[in-house]
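J.: Please see the structure below; I have some questions.
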Amino acid sequence: MEGDGGVQLTQSPDSLTEEDVCVIQDTWKPVYAERDNAGVAVLVRFFTNFPSAKQYFEHFRELQDPAEMQQNAQLKEHGQRVLNALNTLVENLRDADKLNTIFNQMGKSHALRHKVDPVYFKILAGVILEVLVEAFPQCFSPAEVQSSWSKLMGILYWQMNRVYAEVGWENSKK
(Lines of atoms letter the chains of each structure in order from A and count residues from 1; the text may use other names and numbers.)
(Lines give C-alpha, C1' and ligand atoms only; values in the text may rest on other atoms or scores of the structure.)
Protein backbone atom coordinates (compact mmCIF):
# COMPACT_ATOMS: atom_id res chain seq x y z
CA MET A 1 0.00 0.00 0.00
CA GLU A 2 1.32 3.43 -0.85
CA GLY A 3 0.05 6.95 -1.24
CA ASP A 4 -3.48 7.03 0.07
CA GLY A 5 -3.58 3.33 0.93
CA GLY A 6 -6.60 2.79 -1.29
CA VAL A 7 -8.70 5.07 0.91
CA GLN A 8 -11.82 6.16 -0.95
CA LEU A 9 -14.13 9.09 -0.20
CA THR A 10 -17.14 7.01 -1.21
CA GLN A 11 -16.94 4.54 1.69
CA SER A 12 -20.20 4.89 3.57
CA PRO A 13 -20.39 4.38 7.34
CA ASP A 14 -22.24 1.08 7.02
CA SER A 15 -19.75 -0.57 4.67
CA LEU A 16 -17.96 -2.64 7.35
CA THR A 17 -19.14 -6.21 7.61
CA GLU A 18 -19.07 -8.14 10.87
CA GLU A 19 -16.04 -9.98 9.50
CA ASP A 20 -14.33 -6.62 8.86
CA VAL A 21 -15.03 -5.54 12.43
CA CYS A 22 -13.56 -8.76 13.84
CA VAL A 23 -10.48 -8.51 11.60
CA ILE A 24 -9.89 -4.87 12.54
CA GLN A 25 -10.33 -5.44 16.25
CA ASP A 26 -8.13 -8.56 16.29
CA THR A 27 -5.29 -7.00 14.29
CA TRP A 28 -5.46 -3.77 16.29
CA LYS A 29 -4.47 -5.39 19.60
CA PRO A 30 -0.72 -5.77 18.85
CA VAL A 31 -0.60 -2.29 17.33
CA TYR A 32 -2.17 -0.66 20.35
CA ALA A 33 0.20 -2.55 22.63
CA GLU A 34 2.99 -0.70 20.78
CA ARG A 35 1.07 2.57 20.46
CA ASP A 36 3.91 4.86 21.52
CA ASN A 37 6.27 3.57 18.83
CA ALA A 38 3.51 3.17 16.26
CA GLY A 39 2.23 6.71 16.79
CA VAL A 40 5.69 8.20 16.35
CA ALA A 41 6.33 6.06 13.25
CA VAL A 42 3.07 7.23 11.69
CA LEU A 43 3.72 10.92 12.32
CA VAL A 44 7.38 10.80 11.26
CA ARG A 45 6.35 9.16 7.98
CA PHE A 46 3.46 11.62 7.56
CA PHE A 47 5.59 14.71 8.12
CA THR A 48 8.57 13.39 6.16
CA ASN A 49 6.51 12.47 3.10
CA PHE A 50 4.02 15.35 3.41
CA PRO A 51 5.90 18.25 5.04
CA SER A 52 3.08 20.67 4.22
CA ALA A 53 1.08 18.95 6.99
CA LYS A 54 3.46 20.44 9.58
CA GLN A 55 1.91 23.87 9.02
CA TYR A 56 -0.81 22.89 11.50
CA PHE A 57 1.62 22.02 14.30
CA GLU A 58 3.49 24.93 15.84
CA HIS A 59 5.49 22.72 18.23
CA PHE A 60 7.20 20.71 15.51
CA ARG A 61 6.60 22.69 12.35
CA GLU A 62 10.33 23.44 11.95
CA LEU A 63 11.56 19.85 12.42
CA GLN A 64 13.13 18.43 9.26
CA ASP A 65 15.21 15.46 10.39
CA PRO A 66 13.25 12.25 11.04
CA ALA A 67 15.58 11.35 13.94
CA GLU A 68 14.88 14.73 15.50
CA MET A 69 11.15 14.21 14.99
CA GLN A 70 11.34 10.83 16.77
CA GLN A 71 12.76 12.54 19.86
CA ASN A 72 10.33 15.46 19.98
CA ALA A 73 8.06 15.27 23.05
CA GLN A 74 5.13 17.09 21.41
CA LEU A 75 5.28 14.83 18.36
CA LYS A 76 5.30 11.76 20.62
CA GLU A 77 2.32 13.14 22.51
CA HIS A 78 0.37 13.81 19.34
CA GLY A 79 1.23 10.34 18.05
CA GLN A 80 -0.31 8.91 21.21
CA ARG A 81 -3.38 11.08 20.68
CA VAL A 82 -3.79 9.79 17.11
CA LEU A 83 -3.48 6.16 18.19
CA ASN A 84 -5.79 6.68 21.17
CA ALA A 85 -8.43 8.21 18.88
CA LEU A 86 -8.07 5.30 16.48
CA ASN A 87 -8.37 2.91 19.43
CA THR A 88 -11.64 4.56 20.45
CA LEU A 89 -12.96 4.05 16.92
CA VAL A 90 -11.86 0.42 16.84
CA GLU A 91 -13.39 -0.31 20.24
CA ASN A 92 -16.74 1.18 19.19
CA LEU A 93 -17.16 -0.21 15.68
CA ARG A 94 -20.47 -1.81 16.65
CA ASP A 95 -21.87 1.34 18.30
CA ALA A 96 -23.07 3.70 15.57
CA ASP A 97 -24.16 6.41 18.01
CA LYS A 98 -20.78 6.47 19.74
CA LEU A 99 -18.97 6.51 16.39
CA ASN A 100 -21.11 9.42 15.21
CA THR A 101 -20.23 11.35 18.37
CA ILE A 102 -16.52 10.62 17.92
CA PHE A 103 -16.56 11.65 14.26
CA ASN A 104 -18.47 14.85 15.06
CA GLN A 105 -16.09 15.86 17.85
CA MET A 106 -12.99 15.05 15.83
CA GLY A 107 -14.26 16.74 12.68
CA LYS A 108 -15.46 19.91 14.40
CA SER A 109 -12.24 20.25 16.36
CA HIS A 110 -10.04 19.87 13.29
CA ALA A 111 -12.25 22.05 11.06
CA LEU A 112 -13.11 24.89 13.41
CA ARG A 113 -10.32 25.08 15.97
CA HIS A 114 -7.30 23.75 14.09
CA LYS A 115 -8.49 24.61 10.54
CA VAL A 116 -6.89 21.47 9.08
CA ASP A 117 -7.66 20.85 5.42
CA PRO A 118 -9.68 17.60 5.31
CA VAL A 119 -7.46 16.15 2.57
CA TYR A 120 -4.90 15.51 5.31
CA PHE A 121 -7.24 12.91 6.84
CA LYS A 122 -7.02 10.93 3.60
CA ILE A 123 -3.26 11.33 3.48
CA LEU A 124 -2.83 10.38 7.15
CA ALA A 125 -5.13 7.37 6.70
CA GLY A 126 -2.92 6.12 3.87
CA VAL A 127 0.21 6.65 5.95
CA ILE A 128 -1.34 4.76 8.87
CA LEU A 129 -2.07 1.81 6.59
CA GLU A 130 1.46 1.85 5.14
CA VAL A 131 3.08 1.92 8.58
CA LEU A 132 0.83 -0.86 9.91
CA VAL A 133 1.65 -3.14 6.98
CA GLU A 134 5.39 -2.51 7.37
CA ALA A 135 5.62 -2.54 11.16
CA PHE A 136 3.20 -5.42 11.79
CA PRO A 137 3.58 -7.71 8.76
CA GLN A 138 2.45 -10.77 10.70
CA CYS A 139 -0.96 -9.12 11.21
CA PHE A 140 -1.36 -6.84 8.20
CA SER A 141 0.08 -8.83 5.28
CA PRO A 142 -3.10 -10.70 4.29
CA ALA A 143 -5.06 -8.85 1.62
CA GLU A 144 -8.34 -9.24 3.53
CA VAL A 145 -6.83 -7.48 6.55
CA GLN A 146 -5.65 -4.59 4.40
CA SER A 147 -9.06 -4.44 2.73
CA SER A 148 -10.88 -4.22 6.08
CA TRP A 149 -8.55 -1.51 7.35
CA SER A 150 -8.82 0.39 4.08
CA LYS A 151 -12.61 0.39 4.51
CA LEU A 152 -12.25 1.77 8.03
CA MET A 153 -9.90 4.52 6.85
CA GLY A 154 -12.34 5.30 4.03
CA ILE A 155 -15.14 5.63 6.57
CA LEU A 156 -13.00 7.96 8.67
CA TYR A 157 -12.28 10.15 5.66
CA TRP A 158 -15.92 10.10 4.53
CA GLN A 159 -17.11 11.06 8.00
CA MET A 160 -14.59 13.88 8.34
CA ASN A 161 -15.76 15.30 5.02
CA ARG A 162 -19.37 15.00 6.18
CA VAL A 163 -18.67 16.93 9.38
CA TYR A 164 -16.58 19.53 7.55
CA ALA A 165 -19.48 20.09 5.13
CA GLU A 166 -21.93 20.40 8.02
CA VAL A 167 -19.83 23.12 9.69
CA GLY A 168 -19.43 25.01 6.41
CA TRP A 169 -15.74 24.29 5.91
CA GLU A 170 -15.57 26.01 2.51
CA ASN A 171 -16.67 29.27 4.11
CA SER A 172 -14.60 28.95 7.27
CA LYS A 173 -11.22 28.58 5.57
CA LYS A 174 -11.47 31.81 3.58
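Each residue's number is its place along the chain shown, starting with 1.
Note: Cβ is positioned from N, Cα and C throughout, glycine not excepted.
It should be emphasised that the depicted structure is a prediction, and the values quoted were computed from it without experimental measurement.
Annotation source Swiss-Prot lists heme b binding site at His78, His110. Among the features that Swiss-Prot reports, domain 'Globin' is placed at 15-165, with the record citing sequence analysis.
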J.: Looking only at Cβ atoms, how many others are within 10 Å of the one on His110 (heme b binding site)?
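T.: Summing over all protein chains shown, His110 (heme b binding site) has 20 other Cβ atoms within 10 Å.
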J.: Using a Cβ-Cβ cut-off under 8 angstroms and a sequence gap of six or more, which residues of the chain neighbour His78 (heme b binding site)?
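T.: Looking at Cβ-Cβ distances below 8 Å from His78 (heme b binding site), excluding near sequence neighbours, one finds Gly39, Leu43, Phe57.
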J.: Can you give me the average pLDDT across the domain 'Globin' (15-165), rounded to a whole number?
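T.: Looking only at the domain 'Globin' (15-165), pLDDT averages out to 94.
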